[in-house]
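All remarks here apply to the structure that follows.
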């Protein structure tokens, strides 16, 4: 029996069956498949033939395929019986079933290192007693922001009498904690709106913001030190009004806070300060006044506390920021006679946003530190050290 061959409906050559809805040859079918979504679908005729039916340039050929009835929805995919890409089968490991990494698989989870207990009960009591008595001297200023600025000036870094850390251990770390917690309490006691709160709420706010305040204070003091001392080194940083040079600390003892080697603990702690250099450089460039710097301290602390606690505390901290923002506006308009201060304020807030970013982005690092028990510190008031980098 003689085989009947129908001509291709596109080019007229011998067909090879039905492709994408019409009788066509393999060449036209392959052309349609690779060209339907190509540039030829958007172009016009490439020749000047008057008879478009006899023209066979690529745009005209593709147009003819569509007009006669070729349908792109009839394309078929993944018909290969054997995949062209071999995916080797990976058998689950023992650690997958156990649910523990291999380097922890053979360790006894019931055996824990001896914790170092840090009792800050007396420190909290001392701050409570101070808040009961209020500031040591009467405060006279025209608004709330300038009252806070007076408190800030009393705690500025004395660059003329610089002391240097030659060793850092448990005593020095505890001293830093005590210094900043008491300093923040003395500073914020100059704020009338804060003194109107119940003492329990005052303590809760202080426990949340002291380490945020200390972070910007370290960067601001370091910037001030570099500005006043041309010989200052990039590795030098101000902590508790004492200069620490990471390259010249003769003795760094971390055995009391971790069972890991000192170099590993140091590297882990440095992850909490990845943006410090950029923050210091920004402060040097902006050179904020005491009033501007005070506003930056307050805005950063109250913004952090509001986002952390939400609810009633968020309303309180928003009110605090509104009061201080009005005072800052008065400072720009009246004291500095600067009506257009939007860009200046934007640049200041960029620094604060960078500090908040450093806190948020290092939370996964702190979580990993807790999982692998990098720190063996235990505090009497653990809520006081959330996001602080100490736990």
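Each residue, glycine too, has its Cβ placed from N, Cα and C.
Taken from Swiss-Prot, the feature DNA-binding region applies to 5-77.
Taking the domain 'NR LBD' (130-388) as a whole, pLDDT averages 88 in the prediction. The domain 'NR LBD' annotation in Swiss-Prot covers 130-388, and the record cites sequence analysis as its basis.
The list of residues near the zinc finger (8-28) in space but at least 6 beyond its ends in sequence, with Cβ under 8 angstroms from a Cβ of it, reads 56, 61, 64-65, 68-72, 74-75. Taken from Swiss-Prot, the feature zinc finger covers 8-28 (among others), and the record attributes it to sequence analysis.
Per Swiss-Prot, zinc finger is recorded for 41-65 (among others), and the stated evidence type is sequence analysis.
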